[in-house]
């Protein structure tokens with residue numbers, strides 16, 4: 001099997017003290033970049049897609065192409081449902097072959113979040129599918145969900161322990177000051193809070209909103225228990241900026257096989273950097 005659960009992948013990372021990158025993809029080219037680069041660096045890989053991504057590119061297309069690339073490069077990988085909110089949607093995608101899920105009920109009150117997440121865990125674990133959930137809320141934009149910075153909430157460590165115990169999730173996404181965007185100013189992450197969560201929760205922790213974070217912050221978060229690092233915005237910016245520059249230099253260009261190459265290369269450099277910072281090169 002080349003499409004796998006992320007559970008063992010993250011447990012191995014937790015034991016060895018590195019993190020696995022989860023790269024959000026959107027189309028054929030971005031999927032090619034993350035798989036090819038991870039294979040070159042012999043890095044474990046999580047390919048992430050929001051509901052909008054699966055709607056745009058097609059669920060079957062993503063699974064089929066990712067599976068073909070994984071076999072071509074001999075690289076087992078997890079296709080991960082990022083920020084999914086519907087049990088029915090998750091059920092249909094798990095039945096189509098997905099084995100890694102994030103159910104996001106962080107916008108609900110605590111008890112509703114617990115109930116939703118528990119229902120997803122009960123279903124997914126029957127199919128050897130790992131489940132990530134979020135407690136607390138990140139600011140920024142993810143698909144069509146916009147969370148103003150004033151509405152962002154940090155994860156409560158004591159509540160995190162209860163949340164993990166009651167839901168049975170495999171990994172916990174924590175809110176410690178990151179956001180789903182590039183940062184206008186350097187963010188101040190609450191590492192003390194992260195350390196408190198780590199002391200109370202023994203499952204892998206997940207850092208969302210890593211685009212644009214200082215490398216030192218990512219490394220410190222990993223040292224405090226983060227085992228999965230999500231990167232999306234930084235990839236899109238690198239890809240689109242390279243496309244724009246290509247057309248500025250070549251205004252009459254019209255062949256995707258040509259203009260996609262610099263965009264893929266720019267994104268590849270970001271992927272290489274993140275793998276290096278996560279410390280997962282050669283960890284297959």
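Glycine too: its Cβ is placed from the backbone N, Cα and C atoms.
Per Swiss-Prot, the features are as follows:
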| type | residues | note |
| --- | --- | --- |
| ACT_SITE | 82 | active site, proton donor |
| BINDING | 83, 180, 208 | Zn(2+) binding site |
| BINDING | 181, 209, 210, 211, 230, 231, 232, 233 | dihydroxyacetone phosphate binding site |
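Taking only the Cα positions, the spacing between residue 210 (dihydroxyacetone phosphate binding site) and the residue listed as 'active site, proton donor' is 14 angstrom. Most Cβ neighbours within 10 Å, among the binding-site residues 211, 230: 230 holds that distinction in the structure as shown.
Non-local neighbourhood of residue 231 (dihydroxyacetone phosphate binding site): 21, 22, 23, 24, 210, 211, 270, 274, each in the same chain, at least six residues away, with C-beta under 8 Å from its C-beta. A gap of 9 Å separates the Cα atoms of residue 232 (dihydroxyacetone phosphate binding site) and residue 208 (Zn(2+) binding site). A gap of 15 Å separates the Cα atoms of residue 83 (Zn(2+) binding site) and residue 233 (dihydroxyacetone phosphate binding site). Looking only at the recorded positions 82, 230, 233, the one with its C-alpha closest to residue 208 (Zn(2+) binding site) is 230. Cα distances from the residue listed as 'active site, proton donor' to the binding-site residues 209, 230, 233 are smallest for 230.
Counting every protein chain shown, 27 other Cβ atoms lie within 10 Å of the Cβ of residue 208 (Zn(2+) binding site). Secondary structure at residue 82 (active site, proton donor), taken from DSSP and collapsed to helix, strand or coil, is strand.
In the three-state DSSP scheme, residue 230 (dihydroxyacetone phosphate binding site) falls into the strand class. For the recorded site, residue 209 (dihydroxyacetone phosphate binding site), the DSSP three-state label reads coil.
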